[in-house]
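Novice: Straight from TrEMBL, here's the annotation block:
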{"type": "TRANSMEM", "residues": "108-128", "note": "transmembrane segment"}
{"type": "TRANSMEM", "residues": "193-211", "note": "transmembrane segment"}
{"type": "TRANSMEM", "residues": "223-241", "note": "transmembrane segment"}
{"type": "TRANSMEM", "residues": "261-285", "note": "transmembrane segment"}
{"type": "TRANSMEM", "residues": "314-336", "note": "transmembrane segment"}
{"type": "TRANSMEM", "residues": "391-409", "note": "transmembrane segment"}
{"type": "TRANSMEM", "residues": "421-444", "note": "transmembrane segment"}
{"type": "TRANSMEM", "residues": "450-468", "note": "transmembrane segment"}
Amino acid sequence: MALSPIRARLALRANRLVDNGFICRRCLHQQTVPSPAARQTPYLDAFRKPGHYRIPPSARYTSSSALPSASPLGALSSSFGDASSALASRAANTTRTSSFPTTSSKSAAYWLLASAASVFGIVVLGGLTRLTESGLSIVEWRPVTGSFPPLNDEDWEREFSLYKLSPEFKMLNSRMGLEEYKQIYWMEWGHRLWGRVVGITFLLPTAYFIARRKVSAPMAARLVGICGLIGFQGFLGWWMVKSGLKDDLFAPGSHPRVSQYRLAAHLGTAFAAYLAMLWNGLAILRQHRLLANPTASLAQLSHLSSPALKSFRIATAVLFGLTYCTAISGALVAGLDAGLVYNDFPWMGQPRFIPPKSELLSTWYSHTPSPHPDLIWRNMLENPAFVQLDHRILATTTFISIMGLWAYSRRLTLPRPVQKGVAGVVGYVSLQVIMGITTLWYLVPTPLAAAHQAGALALLSGVLVLGSRVRVSKRTIRLVQDAASKAGQVGKRGPEAMMKARMTGV
């Protein structure tokens, strides 16, 4: 009896499965390679010959019971064996260069953004700690046991007795009682505890994401670098506090305060850790958004990479550096209490816009004999009047630069997100200038000063977000190009090729 057309089509489809190499990856390692003799059947060989799609007479059977290998299940079983041998040999000759994925998980991006928000909060709390002069209330550095506050009266007396030995208590707070000490103690203890929480909540998830291969190899290296930055930040915190506990670090006639250099380093490192978390979190989310529709994303990336926007990208990078320097100069102002020197704007001793030269370049700040080679830089970094002037000049330059960038952006054809980013930066800098001037006029009140410091970090965030919308890494561009190329090939080859790509993972 001749083979029915239905069975012939099923057999032909089974033969295609052999060529497509459909096989379960888990079963791949359990299959044995069949011998060449077992793989040569007259029925399947007839279909392997090009141009022959009819069953030869020798392969026809007169009884359905004598056709076990020509049944659909028999053909599929033999095709699985052939495909397993082909894929096994292919897998044996293929070596993976890396076990990390090409794209990082979205959960890693959300965790990075949450960590950045936590760092933003601790920066604000650190500013309040400095403004309330609470930073020197704990005179010991105990990374582990210091996580627990005093639990009884004996512990409180011990902490207070240690504080009484500090220069700050002897020179400023000699009349302070235990209850007043508790207020400044809780502020500093909360700041240190929050720092420990930031370190733990970043280190442990970093180990998890890397161990479970949920981030790409470059992102794994960046996360390890941020962990190192957080640890270094903790060291800088104690190094800064230590500068306020030694009498030999104070200038004659000054009251106990931490070194403005160490304060700037501590704040600058916190800013760097925050910005790294924010940048990488946004980068992961943007990479997923671009890969969701790679064909349309190529047009967007081509527009952003055009020579017409090159000057805008460079201006954004320069603006970010200028904003960061302005924020660090604010740390020098805070460390020297330079905001209390001249409390008017735009004048510095009306009707002057700039203090007299004798005040700006005072030889009192020089540490070397005449001709005082360190006169200029010492005054720029240690003279409160000069430090405030520096901050005013940098802040004014930043404001003018942002307004100039906004005016320049009006002449360009920018994507809608970039236009929103420019408008947001203009709003941030306007609010920041208003808060800075108001803080001077009202003699640096604690709420305004803390808001001004938070505004500096918010402005930096706005400039960073703007930069992330106009700059795309080469690696992301390459991934989008590869994804668009694969999508184009599948579209040209039709649904059958798409099914094969899904089966084989190609």
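Glycine is treated like the rest: Cβ placed from N, Cα and C.
Burial and contacts for the listed features, if you can.
Specialist: Counting residues 6+ beyond its ends, the transmembrane segment (223-241) has Cβ neighbours under 8 Å at 135-136, 138, 141, 143, 192, 195, 198-199, 202-203, 206, 209-210, 215, 258-259, 262-263, 265-266, 269-270, 272-273, 276-277, 280 in the same chain.
Same-chain neighbours of the transmembrane segment (314-336): 127, 130, 257-261, 263-264, 267-268, 271, 381-382, 384, 387-388, 390-391, 394-395, 397-398, 401-402, 405, 408, 449, 452-453, 456-457, 459-460, 463-464, 466-467, 470-471, counting only residues six or more beyond its ends whose CB sits under 8 Å from a CB of the stretch.
Panel annotation: around the transmembrane segment (421-444), residues 131, 337, 339-340, 342-345, 395, 398-399, 402-403, 405-406, 409, 414, 451-452, 455-456, 458-459, 462-463, 465-466, 469 of the same chain, lying at least six beyond its termini, place a Cβ under 8 Å from a Cβ of the stretch.
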Novice: Cβ pairs under 8 Å with the transmembrane segment (108-128): which stretch of 193-211, 261-285, 391-409, 450-468 has the most?
Specialist: 261-285
Novice: Report yes or no: does the transmembrane segment (450-468) come within contact of the transmembrane segment (193-211), defined as 3 or more CB pairs under 8 Å with a sequence separation of 6 or more?
Specialist: no
Novice: Could you pull out which residues elsewhere in the chain have a CB under 8 Å from any CB of the transmembrane segment (261-285), counting only those six or more residues past its ends?
Specialist: 103-106, 108-113, 115-116, 119-120, 122-123, 126, 130, 219, 222-223, 225-226, 229-230, 232-233, 236-237, 239-240, 243, 324, 327-328, 331-332, 334-335, 381, 457, 460-461, 464-465, 468, 473, 476
Novice: Under an 8 Å Cβ to Cβ limit, what residues of the same chain, 6 or more beyond the ends of the transmembrane segment (193-211), are close to it?
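Specialist: Distant contacts of the transmembrane segment (193-211): 104-105, 108, 111, 115, 118-119, 121-122, 125, 143, 147, 220, 223-224, 226-227, 230-231, 233-234, 237.
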